[in-house]
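Peer 1: One structure coming up, written as structure tokens, with questions to follow.
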Amino acid sequence: MTSYDYDLIVIGSGPGGQKAAIAGAKLGKRVAIIDRQEMVGGVCANTGTIPSKTLREAVMFLTGMSQRELYGASYRVKQDITITDLMARTQHVIGREVQVVRAQLHRNGIDLLNGFGRFVDEHTVAVEGTHRGDRTTISGEFIVIATGTTPARPSVVDFDEERILDSDEVFALTEIPSSLVVVGAGVIGIEYASMFAALGTRVTVVEQRERMLDFCDPEIVESLKFHLRDQAVTFRFGEKVVNVQVSDGGTVTTLASGKRIPAAAVMYSAGRQGTTEKLDLAAAGLESDNRGRLSVDEHYRTPVEHIYAVGDVIGFPALAATSMDQGRLAAYHAFGEPVHELTALQPIGIYTIPEISYCGATEAELTSSAVPYEVGISRYRELARGQIVGDAYGMLKLLVSTVDRKILGVHVFGTGATDLVHIGQAVMGCGGTVDYLVDTVFNYPTLSEAYKVAALDATNKIRALDRFTTH
Ligand SMILES: Cc1cc2nc3c(=O)[nH]c(=O)nc-3n(C[C@H](O)[C@H](O)[C@H](O)COP(=O)(O)OP(=O)(O)OC[C@H]3O[C@@H](n4cnc5c(N)ncnc54)[C@H](O)[C@@H]3O)c2cc1C
């Protein structure tokens, strides 16, 4: 029998890689994980999820955004917010998160090898450190590729890490720009657009498609656009950037329509591609698609069966939460541990200001598949907790089957949306009906009470329909 240095080698220490490594170690296996020293914790901890969500929290707190309903439109916790104020909190949280990751790996006896991993053959990986000649080679029975993604950069634009940035470089800004062009109205672009708008930056969003976030509930996206416009955000849909010029005074972005947009800085958020370029995939008998992504089967196995791939490098949904579970499931499958498939019901959270979250079907999906439903709505301004927290715009929308009264979808906009959605997810996951929510006592005053109000709204409408049809 061939003997390997490790039972499992994991390349990349983001959420997918970490959880694969820990699951392997918990099964008593010898595990190594590879990443560059400054990237332990992955894109998630260092440049993506954690920094962006901490930045959002700092923006919300320092601008006093969420308190203005109570204290007036000019209320601010700090008058002159600097980039240092924002970064202090962000760096602190990143530091803590990386410590947690390192401690978890250490506690579970996982070898953390610092450097860049590259295939030598299908069971062997070379780990190249930053110093010349710093190279080790290790072999593993199973390998998990969890190398994530990097921002896609159009070749026509000269990124300078100062005025023209990609979304991983936001934290390199030395000051809060007075104006900003955001290219790409995907989740990351819109999240940052809303944060800078809250800081007082005049933001222009350029998107080549006619709409944004078209997988979400259109009514909620409309509410978000209304709020962002109110924060001086300009949307340019159906427009393409042809070039960006830089001068000492700032930047000018030229669109194919001839429009020219001056701004202090430009941030590109136009998709991401799999970080596989330098992995030497061919040495392992693998290849990526034209966006650097790897294809896998339902067990996260690549075509080379002992090599798995998880997380953003395999594409949709490219979320930290999903990546973690994929990593765990890949390791379990490799070592013959029984696994359950992930439930199909997965939440989507968008941390714009205000935030959006949903789970289950959208109205458009139900309509196109001819599933009859009724809508129950609760507006935060009619909830005592909504008044207390000063959220006058939030709403929760339940989609309820008029056939069997099951909850088919929940869509939330406003304070706490990304947490609140999980109540609906749990009810839906257990096959619950709207009556469960009607008959459940919620703490008062809470935002969770929105479920009861929306459930009552839906049942009242269904009752009205029943009355009409039975007479
Ligand atoms: C701005 C932003 C905001 C986001 N917000 C959210 C959010 O709110 N919620 C959410 O769920 N998700 C969010 N995401 C997505 C989330 O960050 C990713 O889904 C998640 O990080 C993917 O995890 P992963 O395991 O694929 O690895 P990643 O976190 O992508 O990390 C991959 C790691 O692999 C390493 N690596 C690459 N190549 C090699 C190699 N050859 N050798 C060794 N190491 C290598 C990299 O250095 C990196 O550390 C956000 C992403 C971004 C960019």
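First residue shown is number 1, and so on along the chain.
Every residue gets a Cβ built from N, Cα and C, even glycine.
Since the structure is predicted, the reported quantities are computational estimates derived from the model, not experimental observations.
If you look up TrEMBL, you'll see 6-327 marked as domain 'FAD/NAD(P)-binding'. Positions annotated as FAD binding site by TrEMBL: Lys53, Gly117, Asp312. Annotated NAD(+) binding site per TrEMBL: Gly184, Ala185, Gly186, Val187, Ile188, Gly189, Ile190, Glu191, Glu207, Gly271, in sequence order. Marked as domain 'Pyridine nucleotide-disulphide oxidoreductase dimerisation' by TrEMBL: 347-454.
How about a rundown of where these features are and what they're close to?
Peer 2: Residues belonging to the domain 'FAD/NAD(P)-binding' (6-327) score a mean pLDDT of 94 in the model.
Sequence-distant neighbours of Asp312 (FAD binding site) (same chain, 6+ apart, CB under 8 A from its CB) are Gly14, Gly16, Val43, Gly148, Thr149, Arg272, Gly274, Ala318, Ser323. In the three-state DSSP reading, Asp312 (FAD binding site) counts as helix.
Reduced to three states, the DSSP call for Gly186 (NAD(+) binding site) is coil. In the shown protein chains, 18 other C-beta atoms lie within 10 A of the C-beta of Gly186 (NAD(+) binding site).
Mapped onto DSSP helix, strand and coil, the domain 'Pyridine nucleotide-disulphide oxidoreductase dimerisation' (347-454) counts 39 helix, 31 strand, 38 coil.
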Peer 1: What binding-site residues among Gly117, Gly184, Ile188, Asp312 have a C-beta sitting less than 6 Å from any atom of ligand 1?
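Peer 2: Gly117, Ile188, Asp312, in sequence order.
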Peer 1: If you measure Glu207 (NAD(+) binding site) to Gly117 (FAD binding site) at Cα, how many Å is it?
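Peer 2: Between the alpha carbons of Glu207 (NAD(+) binding site) and Gly117 (FAD binding site) there are 36 Å.
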Peer 1: Gly186 (NAD(+) binding site) to Lys53 (FAD binding site): how many Å between their Cα atoms?
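Peer 2: Gly186 (NAD(+) binding site) to Lys53 (FAD binding site), Cα-Cα distance: 16 Å.
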Peer 1: Any idea what DSSP makes of Lys53 (FAD binding site), helix, strand or coil?
Peer 2: helix
Peer 1: Would you count the other CB atoms within 10 A of the CB of Gly184 (NAD(+) binding site), including those on all shown protein chains?
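Peer 2: Step by step: centre on the Cβ of Gly184 (NAD(+) binding site), count other Cβ atoms within 10 Å, giving 25.
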Peer 1: Determine the minimum-neighbour residue: among Gly117, Glu207, listed as binding-site residues, which Cβ has the fewest other Cβ atoms within 10 angstroms?
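Peer 2: Minimum Cβ neighbour count within 10 Å, taken over the binding-site residues Gly117, Glu207, occurs at Glu207.
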